Amino acid sequence: MMPSRTNLATGIPSSKVKYSRLSSTDDGYIDLQFKKTPPKIPYKAIALATVLFLIGAFLIIIGSLLLSGYISKGGADRAVPVLIIGILVFLPGFYHLRIAYYASKGYRGYSYDDIPDFDD
């Protein structure tokens, strides 16, 4: 007969608990702990990166046209700030779109976790 366990808090023996032996082939692991959950795709952050990329590209094109003289509304004194703002807006958009693209293709070292999310 198996000995009954004692509840330490009250000192009352508990005989209603049923015990069963584990299988000798069980190594203590379950399959679920090795399954990888699908990545959460940050759609809002990717949309924002796309908007930054497009606005930055547009400003770079406009700044280049202003600087070269195809658009004659002020010359170089207006072209340089437009180019600088275009580059500053373009770079983060390009960077995060590149990470999103490589993560979607499954390249090693890239994941959606590298893109900042809005915690919704």
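The first residue you see is number 1, and the count goes up from there.
Just so it is clear, glycine is given a Cβ too, placed from its N, Cα and C backbone atoms.
The phosphoserine annotation in Swiss-Prot covers SER15 (among others).
Under the heading phosphoserine, Swiss-Prot lists SER23 (among others).
Annotation comment: Swiss-Prot describes SER24 (among others) as phosphoserine.
For the transmembrane segment (46-66), the list of distant contacts is 73-76, 78-80, 82-83, 85-97, 100, 115: same-chain residues at least six beyond its ends, Cβ to Cβ under 8 Å. If you look up Swiss-Prot, you'll see 46-66 (among others) marked as transmembrane segment, on the strength of sequence analysis.
Per Swiss-Prot, transmembrane segment is recorded for 79-99 (among others), and the stated evidence type is sequence analysis.
Below 8 angstroms of C-beta separation, residues 45-46, 49-64, 66-67, 110, 114-115 of the same chain, each at least six residues beyond the ends of the transmembrane segment (79-99), sit close to that stretch.
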